[in-house]
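J.: Take this structure, written in structure tokens, and hold onto it; I'll ask about it next.
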Amino acid sequence: MARRSSRACAAAMATAAVFALLAATATATGLVRVEHPTKSDGSLSLLVVGDWGRKGTYNQSRVAEQMGKVGEKLNIDFVISTGDNFYEDGLTGVDDQAFEESFTDIYTAKSLQKPWYLVLGNHDYRGDVLAQLSPVLRKIDQRFLCMRSFIVNAEIVDFFFIDTTPFQLKYWTRPKDHHYDWRGVAPRQKYITNLLKDMDEAMKKSTAKWKIAVGHHTIRSVSDHGDTKELLQLLLPVLKPNSDKLQFFYDGQGFMSLQINQDQADFIFYDVSGNILYKWSKSKANYLQPSTYITEA
């Protein structure tokens, strides 16, 4: 317990000043809204990563090292996680050592001592979901803010975090040998209907210049998992993108950075060694599609 307390204090002191600037409120749609300030020049920099909780194995530590270097270079404001935060079967409880072994002990770079905004993945749902959502974890490491679906408003951009796992019917009807923690979600249809309604209303009311949706499961993919038909049918109409074509595919570990201001968004994808794999930029003069969807990296 002494080990945990010392790390908790260190993490808390490192991020206390940042979190003093943040505020979370419930919106009229029922979604929690977290306010995060931009830099003094009105810009924002962040990193995105997913499928990472492996206690440092499967190149997690290598990716974390490169994230620290890029995070320092870009002076990032926060990190987004697209889920599957703890393999193979989520957390067993709020006292599960995997939390520190896969998060606190891995992302130690000074540049990564910023807020982490996280959604759940299907592997997280195989464990104690309520533990991963519990504020107790923030007492252990104050960076960690995980919710099912919520909004992060950073002035020029609204990030819409969407809980995509309940959409996939196979997790409900064909779980194989896995147990999924549906507390707070079942019955499925009611949960999905309410979530889509809340997201649709929130996106329509948003006055941010940029709107970006974040979720674990891909809407369209050329990987082994393929398209998520439930998201194509139910979520895609809410996002209403103007284009639907493959921009980039890479079968390997890595992460992504995003630099954004009033006029332009720059996305960069990196491999485990920090090499740049792909760049994609969009100018607001050319009008970004109404919602850009970020999934697991």
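Glycine too: its Cβ is placed from the backbone N, Cα and C atoms.
Quick paste from TrEMBL:
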BINDING   D51, D84, Y87  Fe cation 1 binding site
BINDING   D84, N122, H216  Fe cation 2 binding site
DOMAIN    46-236  domain 'Calcineurin-like phosphoesterase'
SIGNAL    1-28  signal peptide
J.: Please compare the binding-site residues D51, D84 by how many other CB atoms fall within 10 Å of each one's CB, and tell me which has the fewest.
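T.: D51, out of the binding-site residues D51, D84, has the fewest neighbouring Cβ atoms within 10 Å.
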J.: Mean pLDDT for the domain 'Calcineurin-like phosphoesterase' (46-236), rounded to an integer?
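T.: Here the predicted model's pLDDT, averaged over the domain 'Calcineurin-like phosphoesterase' (46-236), is 94.
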J.: Looking at the binding-site residues D51, D84, Y87, which has the shortest Cα distance to N122 (Fe cation 2 binding site)?
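T.: In terms of Cα distance, N122 (Fe cation 2 binding site) lies closest to D84.
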J.: Within 10 Å of the Cβ of N122 (Fe cation 2 binding site), how many other Cβ atoms can you find? Include all protein chains, please.
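T.: If we count other Cβ atoms within 10 Å of N122 (Fe cation 2 binding site), we arrive at 19.
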J.: Could you tell me the C-alpha distance between D51 (Fe cation 1 binding site) and H216 (Fe cation 2 binding site) in angstrom, no decimals?
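T.: Cα to Cα, D51 (Fe cation 1 binding site) and H216 (Fe cation 2 binding site) are separated by 9 Å.
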